[in-house]
Amino acid sequence: MNQPATRSLMPPDGHVQRLSYAERNAPYWRRNLFVCVFGSSTTLLSLSMLLPFLPLYVQQLGVSTPSAVVQWSGVAFGATFFGTAITAPLWGRLADRYGRKPMLVRAAVGMAVVMSLIGVAHNLTELVVLRLIAGLIGGYASASIVMVGTQVPRERSGWALGVLSTGALAGNLVGPLVGGFLPTWVGIRGTFFVGGAIIAVAALLTIVVVREDFDRSTDAKKRTDTGGVSPSTINRGGILVLLVTAMMVLLANMSIEPIITVYIGQLGVSGDHVARMAGIVMAASAFGSMLTAARLGALADRVGSSKVIIGCLVATGAVLVPQAFVTQWWQLAMLRGLMGMTLAGLLPSIAKEVRHAVADHNSGKTLGYLQSAQFSGQVIGPLIGGQIGAHFSLRAVFFVTASLLLVCAGLNRWARAKQAR
């Protein structure tokens, strides 16, 4: 059995040295990481499995014209990301004040209830509002990043965040596949109840298994001993660059996702097969990321996060360009898979860099801002991609997003050089 962590040490000189939050939770971080990976995977699976049938549900709620179905499906889907972007910093701040585990429980229980309520929505307004509430009170994956980022030892944090990212990617990858066949067994509304039940399992596991030693009297307050990092030495400009980079990474990826189906149609794929091939191409990116996320996270532990961030930004930008010149759908799938492999090192490395740039009492709040930046990119990306595709060409989207990532690489190189001076 795990023994409670000692809160203080008594050195020979008699001066009491309090253990940090990470030191007190050292016995628990592995079990907590397992639960966070499982919970992030299952909650994102439940949220993403509605993708294949969301337009059908919108039709059931009274929308008939095809253009309106597409429009309201997009609004309902994006509402969750919008809500999470708004509240992520708030939940991060509360995690600093009251502990990380309560935020995990809040997110899981809230999402389980809201997901089930979506299954009894009577009209389109209720659907959109409930999806928005799911984002406002949810965010299990975001809360997991805060817990893992603050509990895992510094020398293992890149690997751990990479493993957590792999679990989240797995949920996003499997979700649409489950959503493709589950409605035929339990109906569209029944699928939401199944999703709520899956998240409820994650909530129960979080309540029973996750352990946290949180002392509000010390952990929620500014400490004079912050492991060598104090507010006066924080490079706020560097953190801002990392937040912008995180937003641009998601913006670049999501600006392309909505146009992939149309782009594949332009490559000569017949209408009967476009949706299937688009699904394969989208899955290729997630699958590639699953293969390399943990490895690149471990690499960040060995050589430094900033090197991995700059290298992955350059590599991703380089892989984006040839996607504008493909002539076959399978070529696009291969390049998207390769891009997923290079993208995978970015978000875990950015989270590691942000976490260790601030003191413990500000870590949850700052990681909350990071999550807000990422979800903002997910909301803005499709809008920008659609506008570029409509006013210029679909191929132009790849050039613009590649340029944005290369600019971010330059910004990170500048921030690193400035910090070294």
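Every residue gets a Cβ built from N, Cα and C, even glycine.
Note on the domain 'Major facilitator superfamily (MFS) profile' (32-420): mean pLDDT across this stretch is 86. Look at TrEMBL and you will find 32-420 tagged as domain 'Major facilitator superfamily (MFS) profile'.
Distant neighbours of the transmembrane segment (33-57): 69-70, 73, 76-77, 80, 104, 107-108, 111, 115, 127, 134, 138, 140-141, 144, 147-148, 152, 160, 163-164, 166-168, 170-172, 174-176, 178-180, 182-183, 188, 191-192, 195-196, 198-199, 201-203, 205-206, 209-210; these residues of the same chain sit at least 6 beyond its ends, with a Cβ under 8 Å from one of its Cβ atoms. The annotation transmembrane segment is assigned in TrEMBL to 33-57 (among others).
Panel annotation: around the transmembrane segment (69-91), residues 47, 50-51, 54-55, 58-59, 63, 103, 106-107, 124, 127-128, 131-139, 142-143, 364-365, 368-369, 371-372, 375-376, 378-379, 382 of the same chain, lying at least six beyond its termini, place a Cβ under 8 Å from a Cβ of the stretch. For 69-91 (among others), the entry in TrEMBL reads transmembrane segment.
Per TrEMBL, the feature transmembrane segment maps to 103-122 (among others).
When Cβ-Cβ distances below 8 Å are used as the criterion, the transmembrane segment (128-148) is approached by residues 29, 32-33, 36-37, 39-40, 43-44, 47, 72, 75-77, 79-88, 91-92, 95, 100-101, 103-104, 106-108, 110-111, 114-115, 117-118, 121, 157, 160-161, 164, 168, 199, 202, 210, 212, 351, 363-364, 367-368, 370-371, 375 of the same chain, each at least six residues removed from its ends. The transmembrane segment feature in TrEMBL is assigned to 128-148 (among others).
With a cut-off of 8 Å between Cβ atoms, the residues of this chain six or more beyond the transmembrane segment (160-182) that come close are 29, 33, 36-38, 40-53, 141, 144-145, 148-149, 152, 191, 194, 279, 283, 286-287, 289-290, 293-298, 300, 344-345, 347-349, 351-352. Taken from TrEMBL, the feature transmembrane segment covers 160-182 (among others).
The transmembrane segment annotation in TrEMBL covers 188-210 (among others).
Positions annotated as transmembrane segment by TrEMBL: 239-265 (among others).
Taken from TrEMBL, the feature transmembrane segment applies to 277-296 (among others).
Outside the transmembrane segment (308-330), and at least 6 residues removed from its termini, the chain residues within Cβ reach (under 8 Å) are 158, 242, 245, 249, 252, 256, 264, 267-269, 277, 280-281, 296, 299-300, 336, 338-339, 342-346, 349-350, 353, 395-396, 398-399, 401-403, 405-406, 408-409, 412-413, 416. Positions annotated as transmembrane segment by TrEMBL: 308-330 (among others).
Summarising the annotation, TrEMBL assigns transmembrane segment to 392-411 (among others). Among residues of the same chain six or more beyond the transmembrane segment (392-411), those with a C-beta under 8 A of the stretch's C-beta atoms are 241, 244-245, 248-249, 251-252, 255-256, 259, 262-263, 266, 310, 313-314, 316-318, 320-321, 323-325, 384-385.
Beyond the transmembrane segment (239-265), the same-chain residues lying 6 or more positions past its ends with a Cβ under 8 Å from any Cβ of the stretch are 271, 274-275, 277-278, 281-282, 285, 309, 313, 316, 320, 323, 329, 332, 343, 346-347, 350, 353-354, 357-358, 366, 369-370, 373-378, 380-382, 384-386, 388-389, 394, 397-398, 400-402, 404-405, 408, 411-412, 414-415.
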